[in-house]
Ligand code: 13P
């Protein structure tokens, strides 16, 4: 089954108002004419208003890097699904390793965020992936299965209909040391196969992005792999020309 690729930029804690506007203007001109790949950006939530305005007339979709499980009330510092929707955000990253590590987010808590996003009609981009130690101990598949199962056990496999998984091995994030296309493909095939044990139809349509040091030099080869449906890009998403090369590589490989 043909899946439409999705390349998404995770800007993390970077940028300001003018950077946001300028990067989006540059992305709009670099990506004009791309129609075989979905493209999304997740700027810091502070700049969603600037991003929403700058994206008017563009096919680039808006996302965010996190969300709270609560919709309203006394939850100081949190941002709800409805607030993200209010700014036109669609793809919401949850379970990023930086949040699992620095904010001690558990599998169960992340599954609640997944539920909140589905309830709101937003698209969860569920990040999973093993640490270097887990990788060296041969636990990659076990870790990925556990992180996926926390959602399946809470919500059922159908929750992955229309959702996105980003396989991001922690040892590859921000290190310049991407997984090889073969390494990534092997884990992506495992993830899809794991979901297929519950539902082949859900497994066939779920978008599985690779993330971890994706750049303009290595993207094309990653996208030749059948179960790599796009990328979640950190550092290289902050430069319009590099991000555009990655998007166009996905479009070329998957059409
Ligand atoms: P880098 O592309 O900077 O390695 O970051 C990947 C990532 O964490 C995207 O969510």
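Cβ atoms are placed via backbone N, Cα and C, with glycine included.
Quick look at what TrEMBL lists:
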- 10, 11, 12, 174, 213, 234, 235: substrate binding site (BINDING)
- 96: active site, electrophile (ACT_SITE)
- 168: active site, proton acceptor (ACT_SITE)
Measuring Cα to Cα, tell me the gap between residue 168 (active site, proton acceptor) and residue 10 (substrate binding site) in whole angstrom.
12
Where the criterion is a Cβ under 6 Å from an atom of ligand 1, which of the binding-site residues 10, 12, 234 meet it?
10, 234
Least surrounded among the recorded positions, given as 12, 96, when other CB atoms within 10 Å are counted:
12
What residues, ordered by sequence, lie under 8 A Cβ-to-Cβ from residue 10 (substrate binding site) and sit at least six positions away in the same chain?
42, 65, 93, 96, 211, 232, 233, 234, 237
Longest CA-CA distance among 10, 11, 12, 174, 213, 234, 235, per record bound to substrate, angstrom:
14
If I restrict to non-local contacts, at least six residues apart, and a C-beta distance under 8 angstroms, what lies near residue 174 (substrate binding site) in its own chain?
213, 234, 235
Given the substrate site residues 10, 11, 12, 174, 213, 234, 235, which other residues of that chain have a Cβ within 8 Å of the mean position of their Cβ atoms, reported in sequence order?
173, 233, 236, 237, 238
